[in-house]
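Structure first, then comments.
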């Protein structure tokens with residue numbers, strides 16, 4: 001973090017009794033004849049970083065846009081900061097931050113100029129607990145754009161532009177921040193800086209919901225990972241739990257008389273011992289691999305998309321139920 | 001102050017900032033200069049040819065007419081163009097994400113387009129008065145006409161532009177709409193008096209604001225004997241106010257719901273899709 005100081009002031013004491021910042025139940029979305037979301041449900045608590053993971057077209061953006069109040073849902077109960085987004089007023093909107101992927105908007109504006117302008121819309125919603133908006137210069141320092149403060153936005157590099165997008169998203173000191181694939185197109189260094197920025201916000205009690213299809217990113221940032229595939233949440237749990245569960249099954253590969261074999265097993269050690277007891281020297285090219293989170297994720301998504309998994313098994317993938 | 005009015009105030013600042021930006025952006029400065037040249041060319045060509053029976057030159061007739069046309073043109077097409085472009089590039093979505101940001105955006109756009117229209121009129125006017133004789137020599141009373149014609153003209157054209165900008169699918173479509181607008185300008189008594197056209201074309205031209213803005217500007221800037229070149233040898237102030245007023249009312253009735261519908265459908269996904277399309281066109 002370039003400026004831990006600035007971020008530490010972002011902290012807003014949450015009003016008591018509103019711990020559940022997002023509550024989604026049986027969210028359904030239908031476009032013409034196609035069901036995009038078939039009963040999505042999850043919650044997010046204050047200060048939590050929830051990562052919505054899923055393949056392209058899984059409905060991540062649709063889900064997040066319903067929560068932002070930008071899209072009407074077909075069915076289901078949704079509560080964001082205690083309000084139904086479909087009926088959220090501007091006072092409610094002032095408590096949200098949305099990081100949009102800018103393209104070439106406001107190209108003639110200078111960085112400080114636009115941040116100060118957009119921030120000023122939040123001034124009527126300032127309270128003793130949450131001072132809005134964030135001071136433009138402090139915010140610029142927090143996202144590491146001090147050198148570019150007087151530059152036209154159209155001249156920023158991709159990474160700078162994305163950091164600027166984050167700055168716009170948090171200029172109103174939101175209680176809840178939405179980021180839809182925020183690191184797409186960022187180089188590793190910029191990505192790393194961005195991760196620090198998000199963690200810093202969460203440390204100060206901002207709830208963060210972000211979508212990505214980058215597993216490493218999800219693992220690094222998330223307090224909880226939700227996997228959205230086939231229009232449903234197929235996994236919901238803390239990142240460590242998901243990784244642990246994911247690595248429970250190992251893949252054993254070997255050759256026997258020159259022919260390749262492969263087997264998945266939760267107990268690779270015993271499996272390999274039996275293999276040698278049965279076939280002895282005929283076994284060659286032995287390889288034991290613990291499945292990574294990525295392997296599990298890919299298998300899960302592939303199976304779901306192929307429709308080869310019956311509903312019950314899809315449900316069985318869901319764990320961390322106690323988190324709900 | 002209510003948050004809406006507060007946001008409207010921010011919109012005024014926003015519009016002013018964006019107007020200022022056009023003076024320091026090469027492309028926009030070029031746009032102003034090019035427009036001035038485009039208006040000057042017919043004045044040069046017509047030169048001092050007398051307009052028969054009106055006691056003024058053809059150039060003197062054209063200058064105020066072209067200023068009126070500039071107002072109509074800027075009000076409609078610039079508004080439409082900006083709205084379509086800002087929908088595509090995400091400016092509107094950003095406005096939607098901040099509290100009452102749409103109010104600020106809309107007010108900002110009105111201020112910015114109005115300012116652009118005034119600058120686009122002022123530059124050719126300043127250059128034109130040196131080129132042709134007999135324009136803007138009437139003083140006070142006539143100039144007062146400007147005080148109501150110009151604001152009414154903006155009111156008549158901006159909302160229509162906003163409606164068009166909300167309905168088109170992309171900024172490129174607005175470019176296509178320019179063609180019929182050009183045609184309308186030709187038959188709207190800008191380059192020559194409307195009375196020289198067949199009667200049915202006169203009727204068509206009198207439906208649209210372009211003719212009336214040309215007439216209003218001529219009424220303000222030309223000597224009183226020039227009225228001889230007009231239909232019925234009258235400046236038709238009442239009709240001018242009536243037609244422009246009707247457009248203003250229609251536009252103001254229509255624009256809010258169309259704008260709201262457009263804004264409601266704005267989302268990141270919709271924008272990403274448009275971006276994709278626009279990129280494909282470039283690539």
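Using the three backbone atoms N, Cα and C, a Cβ is placed for every residue, glycine included.
Note that TrEMBL annotation is computational and uncurated.
Per TrEMBL, domain 'ABC transmembrane type-2' is recorded for B:27-262.
Sequence-distant contacts of the transmembrane segment (B:29-47), counting only residues of its own chain at least 6 positions beyond either end whose CB sits under 8 Å from a CB of the stretch, comprise 22-23, 57-59, 62-63, 66-67, 70, 119-120, 123-124, 127-128, 131-132, 191. TrEMBL lists B:29-47 (among others) with the feature transmembrane segment.
Summarising the annotation, TrEMBL assigns transmembrane segment to B:59-84 (among others).
Per TrEMBL, the feature transmembrane segment maps to B:110-131 (among others).
Through the fold, the transmembrane segment (B:143-168) approaches residues 68, 71-72, 74-84, 87, 109-110, 113-114, 117-118, 136, 174, 177, 209, 213, 216-217, 219-220, 237, 240-241, 244-245, 247-248, 250-252, 254-255, 258-259, 261-262 of its own chain, all at least 6 residues removed from its boundaries and within a Cβ separation under 8 Å. Among the features that TrEMBL reports, transmembrane segment is placed at B:143-168 (among others).
Summarising the annotation, TrEMBL assigns transmembrane segment to B:174-192 (among others). Using a Cβ-Cβ cut-off under 8 Å and counting only residues 6 or more beyond its ends in the same chain, the transmembrane segment (B:174-192) has close neighbours at 42, 58, 61-62, 65-66, 68-69, 73, 76-77, 80-81, 84, 164-165, 168, 201, 204-205, 208, 210-211, 214-215.
Under the heading transmembrane segment, TrEMBL lists B:204-221 (among others). Tertiary neighbourhood of the transmembrane segment (B:204-221): same-chain residues 61, 63-69, 71-73, 135-136, 138, 142-146, 149, 153, 156-157, 160, 184-185, 187-190, 194, 197, 227, 230, 235-237, 239-240, 243-244, 247, selected by CB-CB distance under 8 Å and a gap of 6+ residues from either end.
The transmembrane segment annotation in TrEMBL covers B:241-259 (among others). Proximity of distant same-chain residues to the transmembrane segment (B:241-259), defined by a Cβ-Cβ separation under 8 Å and at least 6 residues beyond the stretch ends, is recorded for 106, 148-149, 152-153, 155-160, 162-163, 166-167, 206-207, 209, 212-213, 216.
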